[in-house]
Amino acid sequence: MSRLHTNITLVTKFVLQGFSEHPEHHALLFSCFLSLCSVALTGNTLIILAIALNSGLHTPMYFFLFNLATMDIICASSVMPKALEGLVLEENSISYGGCMAQLYFLTWAASSELLLLTVMAYDRYAAICHPLHYSTAMSKAFCGTLAAGVWALCAFNTAVRAGLMLRLDFCGPDVITHFFCEVPPLLLLSCSSTYVNSIMLVLADAFYGILNFLMTIVSYGFIISSILKMRTAEGKKKAFSICSSHLIVVGMYYTAVFYAYISPVSSYSTEKSKLAGVLYTMLSPTLNPLIYTLRNAEVKAALRKLFPFFRN
């Protein structure tokens, strides 16, 4: 579908290629994606309820986990419905406005999660390296400011990137080689200059991917150094236990990001991007609540208290 604009025919909808090149796997993929969607939404909702309704979990670590679960719900909700639809329908189309909206909410949630993981690393650094000053350093007001800053900064950055995307013309073809609206394949479809968009994409990759990753690595460098200096084996075990869940999530998330997006638009790989997309929009929101609950006695206790059917 198209519209006329200064003698140029512009597209008004896009077709999401999804996994149409593998129709024989659609039934299996639909079952897997539906299961992932159900577990992601249910698991993260339960974490939000457990933290919100249990005063014992009103600490900085769980406050940030509450925010992470919210971001996971936004991320999964913005992608999974269209992905599932594409596995059922012969052609999975999305309006121009719908595509821009999906791009906005997905980018907002994904970038916020990267920034929040760095904030959570700093929280663990403060707790382990400066335990005597932790309650003062990570006060409720400061934690609230950090979380609000993450949401606001990423919302502003995403709005700027969305505005740059809206200024582009799309004259056709209209097939997005992905199962959701993503910046690199959209830039490849544009019939106008994408130079500014490409520069912004590189800057965003550098900030959200590389800089945040380095800050997280530095935080854990200090954390590991402090843990190794502890005199008791019990203290070391407890400290490693506190950090292990966060480290697993960080490793999983950054693996997907580096695998797909720390590269120029010109070297964009469809298959590689789809695989990474599954990892950070479906698998990560599904595994995050499992990792944080299965390895955390306090969260499990809160869930059992709120929902008796969780008792063994």
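Counting begins at 1 with the first residue displayed.
From the backbone N, Cα and C atoms, a Cβ is placed for every residue, glycine too.
TrEMBL entries are annotated by machine, without manual review.
Under the heading domain 'G-protein coupled receptors family 1 profile', TrEMBL lists 43-292.
For 28-53 (among others), the entry in TrEMBL reads transmembrane segment.
The feature transmembrane segment is assigned by TrEMBL to 60-81 (among others).
As annotated by TrEMBL, transmembrane segment applies to 101-122 (among others). Residues of the same chain lying 6 or more positions beyond the ends of the transmembrane segment (101-122) and with a Cβ under 8 Å from any Cβ of it are 61, 64-65, 67-68, 71-72, 74-75, 77-79, 82, 94, 146-147, 150-151, 153-155, 157-159, 161-162, 165, 180-183, 186, 204, 208-209, 212, 215-216, 219-220, 246, 249-250, 253, 257, 280-281.
Taken from TrEMBL, the feature transmembrane segment applies to 142-160 (among others).
Through the fold, the transmembrane segment (206-228) approaches residues 111, 114-115, 117-118, 121-122, 124-125, 128-129, 236, 239-240, 243, 247, 250, 254, 257-258, 261-262 of its own chain, all at least 6 residues removed from its boundaries and within a Cβ separation under 8 Å. Marked as transmembrane segment by TrEMBL: 206-228 (among others).
For 240-262 (among others), the entry in TrEMBL reads transmembrane segment.
Per TrEMBL, transmembrane segment is recorded for 274-294 (among others).
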